[in-house]
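All remarks here apply to the structure that follows.
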Amino acid sequence: MTRILATGTFDLLHPGHIYFLTQARALGDELFVIVARDSNVTHKPKPIVSEEQRLEMVNALGIVDKALLGSEKDMFEPLKHIRPDIIALGYDQRFNAENLEEELAKRGLPANVVRIPLSKECPLCSTGAIIKEVLKRYG
């Protein structure tokens, strides 16, 4: 049984997220998802939707076997329990796949890292695009 792990913020869940998770799920038999904690989102604006609500939405998706919140202190902590065979990265996630594989191996968590390419273009396939459209329409 091949266990897949995907991670992300999943703020304002949109078709781009669904595409990413669907492609990740296709890589194996079980899909686990780590939803970023509000406190760990430092590379972009803080999420609009709370971490608990984002977790609830991701867990409600039929393609996801189990979603859980990430660790506030060590991003590798949940991986010790999940023990994924493959980690799926989104096209825009800032991890270097080779460096991540090396760090995982050092921690006794060998896993292949696969980057999921950008989905077909759609007008509202990013949280930023959704926010811009809402501001444009409703100011």
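Glycine is no exception: its Cβ is also placed from the backbone N, Cα and C atoms.
What Swiss-Prot records for the ATP site is T9, F10, H14, P15, G16, H17, and among D85, D92 the residue it adds there is D92. Those same-chain residues not listed among T9, F10, H14, P15, G16, H17, D92 yet with C-beta within 8 angstroms of the centroid of the ATP site C-beta atoms are G8, D11, L12, L13, I18, F20, G90, C125, S126, T127. Neighbour count (other Cβ atoms within 10 Å of the Cβ, all protein chains): 23 for G16 (ATP binding site). Proximity of P15 (ATP binding site) to non-local residues of its own chain (separation of 6 or more, Cβ distance below 8 Å) is seen for S119, C122, L124, C125, given in sequence order.
Counted within 10 Å of its Cβ, the other Cβ atoms near F10 (ATP binding site) come to 26, all protein chains included.
Its Cβ placed at the centre, H17 (ATP binding site) has 24 other Cβ atoms within 10 Å.
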